[in-house]
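Under the heading domain 'CBS', TrEMBL lists B:132-194, B:196-254. Per TrEMBL, the feature transmembrane segment maps to B:280-300, B:312-336, B:356-376, B:382-406, B:418-441.
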There are 2 protein chains.
Amino acid sequence: MAAQDLRQLVDTNDIPALQQWLVQHAPHEIADEIGRADPLRGVLLFRLLDKDRALEVFEELDPSDQHKILSGLRDHAFRDVVEAMDPDDRARLLGEAPAKFARHVLGGLSPHERTMTAALLGYPDGSVGRYMSPETVAIRRHLTAGEALRVVRERGADAETIYTLPVIDDERRFVGTLSLRDLVLSSPDRPITELVDTTALRVQATDQAEGAARLMQEANLLDLPVVDSEDRVLGLLTIDDAVEVIEAADTEDIARQSAATPWSGHYMSAGVAQLARSRALWLLLLIAAATLTVNVLQFFEATLEQVTALALFIPLLVGTGGNAGAQAATATVRALAVGEVRTRDLFHVAWRESRVGLLLGAMLGAVGLVMGTILVDFPVAVTVALSLVLICGWAATIGATMPLLAKRLGIDPAVISAPLVTTLVDATGLVIYFLIAHAVLPL
Amino acid sequence: MAAQDLRQLVDTNDIPALQQWLVQHAPHEIADEIGRADPLRGVLLFRLLDKDRALEVFEELDPSDQHKILSGLRDHAFRDVVEAMDPDDRARLLGEAPAKFARHVLGGLSPHERTMTAALLGYPDGSVGRYMSPETVAIRRHLTAGEALRVVRERGADAETIYTLPVIDDERRFVGTLSLRDLVLSSPDRPITELVDTTALRVQATDQAEGAARLMQEANLLDLPVVDSEDRVLGLLTIDDAVEVIEAADTEDIARQSAATPWSGHYMSAGVAQLARSRALWLLLLIAAATLTVNVLQFFEATLEQVTALALFIPLLVGTGGNAGAQAATATVRALAVGEVRTRDLFHVAWRESRVGLLLGAMLGAVGLVMGTILVDFPVAVTVALSLVLICGWAATIGATMPLLAKRLGIDPAVISAPLVTTLVDATGLVIYFLIAHAVLPL
């Protein structure tokens, strides 16, 4: 195939044909074509190679062409092309990048550019790859402490951090971590193999960033090594980035808990339309669910007409039930987020929260009995009091277990917001109220 | 005064008399009495000295007596005595401790013991002093990099961290910080004065820990130096402790947002009674506030009897208003917590949120119009729709501004919980609903 034809394939984004062409040609031939192409086309071609061949081809390239590929991957034009592709083609183009390129390409970028570029290297949204710092000083394991310290002195100035040093074998595979502290405090002739912590945790660049960040928090780590699927060191997740990840996750959870769709911006910079949009969907779903309360009341409309006084306590009852449910839901959602509760605790949580709810309901029921007697009459007061006991017990149980059930079904438990629990408890609470009214009052 | 009498004063906790005695005697005389007393009494006497005299007396003590004081301050018996004292006496006993003792006394303790002991040194609950790590390597400013590195090598093994090194003058006053990174990467003969960051932030041990932790997060600091009121270095707040402080503060805010009283335990370890207690107070306050809704409905009872259909939409209206208010309240509470909104933004926030609320209300009103026409009739539907617009606008405005007003009044904005906003919006929402009903319906 002539270079002209190849260029046409690139321009029409005919990826299957390009991949076939790449399979049929030797690394030096591919390197030759890439060298001839302009940077944009060269990079596109290069990114279609699978991991092992990409390395072989890269070795065949002239240094200036190597530079062209590396900087091309960081280029806006390349990003624009990739963003305009359809998702399937994009996924095919952006397989996992070889560790060596990933580190080169991501180095020296601003955090924002790094996140953008990490996407192009195939690390999914919210993954560790989007947050990691590639500028690390890796130490080969056969060195001594003194030699390692010399390496740190030579190469440390460009690194994001030198406090955690990934130790690697001859194939750049992760062996463990070495802390600068141990290195500085050790005698210079001690071998690194005696200082390396081979039990150190590591994560893959494609792992979820929030999980990695919470792991760092629990294990009190300053830095967490990041590797690719072949255990080659890509960089470090540093604690300051981990803290940002946790804060963003908490802000998201909190927004979800109030039935708003999280967005990533600054509160003061959000426009009216943006704020409204983040809240509209849930309000619509909730008002649709609230129609149930209208149906329940229509079902009991005859009862309401007979004893209008029953209507007086409706907002108080549904409000209190909602509050009890919201408290329970918020407590379990947070406990799940920080890892204090697991889905297998479901029955334990349900049993405990139902008792908490009944206890609170009994207390509020006593208040309701007094209040109802003063404001209306004793029979209505008894109805209100008994309803409060059962509604609170029911609300706490539902509020606490729904987040756990959601998590078990693979849904983000923070979606079980206080407003959602409140709305669901409202309709059932009204049923409880009217059933008790029928039992207590002469209807 | 004889030693016998002094001992009696100590035993009866006659603090004014003891302080008078301490003022009237010279440091060497006091040191003599402390040396003769048993450890518990010695420590009590010693803690009553003011800062400068405490240092003078300490210098006069034999090394074994110095050890007695230092370990006495960490003693359970001493804690028990202090805990049993009344708050006034306790405050008098626990003035700010001299930096030198604070560091000695807090060093080498487990985190739990350290928190307990920090209380005895006079650092208030929730202050930086309760969380700081006293085991640091302080560097004197006239050293060279090579000399400083030797100090780190000699004393670093016992330190909590050696990555941030406080630099001090001859009186142990804070000059700035030196990072181990700069120290390791610098040539050995460079003076520390060229490497020290004199613009480094520091906090006082009595400052709020949450503020200090959020400062570290914003400034991306691994460690934050902690000083006493005379700028003497007490220790460092490390990032892992700061992360814990932030997590605990967020958990507290989240609990408050659901109208529960925060407690510091693990969710699964809390008993039924403890969970109920953390929620009972707010539920009682909220049910008392909800009585307002009963009063409003009683006021409009004649209207309700005339058009029972109005009652059908009460839970839907108060529920939707509550949801809109909760969304707005949650958003501003979080924005305040992470520092995106300040109290001076009050009017800006109110103006924006009222428009957001009206926009959302208009959308929901359209839904309500269709729903009401299908389920009841057109005039009631119009009443419901108009009410939704105004209630949502009102709820969003109230929900967003109440946390800001609370903060302006010096109240924790997280206390303005979603349930509180919901309950307050309920009663006003009902007034809006019935006023519109009177305007729209033939009543």
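Backbone N, Cα and C define each Cβ position, glycine as well.
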Which bits of the chain, at least 6 residues beyond where the transmembrane segment (B:356-376) starts or stops, bring a Cβ under 8 A of a Cβ in it? 309, 312-313, 316, 320, 324, 328, 382-397
Residues of the same chain, at least six outside the transmembrane segment (B:312-336), with any C-beta under 8 angstroms of its C-beta? 253, 257, 293, 297, 342, 349, 353, 356-357, 360-361, 364, 368, 372, 375-376, 380, 384, 387-388, 391-392, 394-404, 407, 413-414, 416-418, 421-426, 429-430, 433
May I ask for the residues of the chain that lie six or more residues beyond the transmembrane segment (B:382-406) and have a Cβ under 8 Å from a Cβ within it? 310, 313, 316-317, 320-322, 324-329, 331-333, 336, 341, 343, 345-346, 349-350, 352-354, 356-358, 360-362, 364-366, 368-369, 371-372, 412-416, 420-421, 424-425, 428-429, 432-433, 436-437, 440-441
Per the Cβ under 8 Å criterion, with at least 6 residues separating them from its ends, the transmembrane segment (B:280-300) contacts 259-261, 314, 318, 417, 419-420, 423-424, 426-427, 430-431, 434
Composition by DSSP (helix, strand, coil) of residues within the domain 'CBS' (B:132-194): 23 helix, 17 strand, 23 coil
